[in-house]
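> Below, the features straight out of TrEMBL:
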DOMAIN    22-126  domain 'Polyphosphate kinase N-terminal'
BINDING   60, 479, 575, 603  ATP binding site
DOMAIN    139-314  domain 'Polyphosphate kinase middle'
DOMAIN    343-507  domain 'Polyphosphate kinase C-terminal'
BINDING   386, 416  Mg(2+) binding site
DOMAIN    514-684  domain 'Polyphosphate kinase C-terminal'
């Protein structure tokens, strides 16, 4: 049992900035990706879902190299050697640490890939090389190569007259060594067309056989080099630096500047070279290394197919034949605070809470759609950060503008890897008559807010939706997010001031209910933590519970350490990066950190402060990250309705009790699965169960639900300190 800190005798001279008390941001991210890979080992997950977790980890890693590793390399190139402000690691030290941790991850990932592919054979699903195909299937593949694949291929010779080609970011290529008829050695590169399906499906009796496109091309590649002898081939893949700067100052048209930026991204400096060594583990990559100007630590030799994001496609193909190998389909329930009632009428009576994906995102789409069609709607204002490729919300906004309504849309053009999509939507919205703004110079607008102004009974009413996640109907099915629709007049006034500030020239507004970054959110967090420290001193019941994606801000972390030293109980649910280290005696022994990685991506941000019984609950688009609080436009908004506060407390408690998908961080920064003698709790499964229960309740006769549904298995949350127990 950990010793209780005595506030009166606490060591006041302890250096809370000591580098030993922090995790490095980049290494912490690699640790998070390891937790994703670990889900591929969990036999409680269906086989295809385990395979998909390997794909998710690969997708994550691509972005990490393009952005974070690319940024570190830029610092080194520019001669910047200053250490970062928490662990005091220089850029080169961070690269070395990341390399070590990530290579362990990649080995684990590919070991499990091979194991899971073997497991598929138990369901008559096989991965084969071309040589292993039956004569019938071999003939099918050869014909496919001759008539569908070969015409799309272009060999790119490398010599004095043909320099090394500029290969696209993340493209898959085949390196070829050949010998001419007179014995001269030459090399060439064949880029695999991205538009061709990478996985080729064949049948062999009751068996389904898959073969990879690069394996087919490699097998028949001699047909591209008539008269030459092919002596060596191997597949390789280049990841390029995408952490490029958008020059906003002086840009007459940010749309055009973004389009220039997107072209540059495709040909940024190489930051990683992956080589498929299945045919030859002793491949010498010195030529590619020199041409790409990379280091040995940038080269990954892999005994397996490159770019495991192709497993998304594979899983989808197999699921059609073997649906039992995937998660049972889940259909969200209607919002429990709405049911089948009219949203706009209910919002006049009380705040409406939404919890996605357990509750349907469709009412949010309908919120915009109905406003666009209602003749009493005067104005719609909305921020868009990431939307789906066929967004129904975009259609609703266009229809509203075409119907003569005042429509203002902030489209964040700088949303990383969604820039091209957002440029497209911005142009379409402008053509429809929407007033489109692109955010603020040097700041990303990451807040999620919609304002609908209607005339109701000769009175102007502001309906405001505030959320933790994007207005994206696709990701709303797989990300956990929360939102509230309210007609609170002070929040409506704040929303109006917020949009006026973004769209015009004005000083920062004074908000009554909302807290907006980059001006207020960090200060608001610090103020609430200070209040809990004071409550602990006065009443002995200080308590902070926070759920977020990542925690990196040193100012906030130091203040949480101070709170822990004062005896405040701090419970953190952090899916991803966490630079704070819990459980250090005299520093963070009253802090607990868990990470939940499961079926859905935990994306909601919840901040709770007990405040001696005068509870304060907030939702936000912002994490406790420096970039969110200083470099972005974010919103932290209060939860006013007491019933919604109680539901959020129950959700927090449920996640803190998770002993199936939760990992707890120890004082060395290492995560371990939470395992105890309590009943098994998978918080996401429990919330899905509650959603199913609510759906069933809607079809029972004469039963009306006015409060959050809780299963018989759910536990009531006691937030008073003496009722808390540490899991």
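Glycine is no exception: its Cβ is also placed from the backbone N, Cα and C atoms.
Just so you know, TrEMBL annotations are computer predictions that nobody has curated.
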> Starting from the Cβ of residue 575 (ATP binding site), draw a 10 Å sphere and report how many other Cβ atoms land inside it.
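Counting Cβ neighbours of residue 575 (ATP binding site) within 10 Å gives 22.
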> Could you tell me the C-alpha distance between residue 603 (ATP binding site) and residue 416 (Mg(2+) binding site) in angstrom, no decimals?
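Cα-Cα, rounded: 17 Å.
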> Please give the greatest C-alpha separation between any two of the ATP-binding residues 60, 479, 575, 603, in angstrom, as a whole number.
15
> Select the most exposed residue of 386, 416, 603, where exposure means the fewest other Cβ atoms within 10 Å, treating these as the binding-site residues.
416
> Are there residues of the same chain, six or more positions away from residue 60 (ATP binding site), whose CB falls under 8 angstroms from its CB, and which are they?
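When sequence neighbours closer than 6 are ignored, residue 60 (ATP binding site) has 33, 36 within Cβ distance under 8 Å.
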> Give me the CA-CA distance between residue 386 (Mg(2+) binding site) and residue 479 (ATP binding site), in Å, as a whole number.
13
> What Cα-Cα separation, expressed in whole Å, is found between residue 416 (Mg(2+) binding site) and residue 479 (ATP binding site)?
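One finds 18 Å between the Cα atoms of these residues.
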> With DSSP helix as H/G/I and strand as E/B, how many residues of the domain 'Polyphosphate kinase N-terminal' (22-126) fall in helix, strand and coil?
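Counting residues per DSSP class in the domain 'Polyphosphate kinase N-terminal' (22-126), I get 78 helix, 3 strand, 24 coil.
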> Secondary structure at residue 479 (ATP binding site) (DSSP, helix/strand/coil)?
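Once the DSSP labels are grouped into three classes, residue 479 (ATP binding site) ends up as strand.
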> Beyond the listed site residues 60, 479, 575, 603, identify every same-chain residue whose Cβ lies within 8 Å of the center of their Cβ atoms for the ATP site.
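For the ATP site, the extra neighbours are 549, 576, 601, 602.
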> Write out the long-range same-chain contacts of residue 479 (ATP binding site), meaning residues 6 or more apart in sequence whose Cβ is under 8 Å from its Cβ.
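Residues satisfying the criterion: 356, 357, 469, 600, 601, 603.
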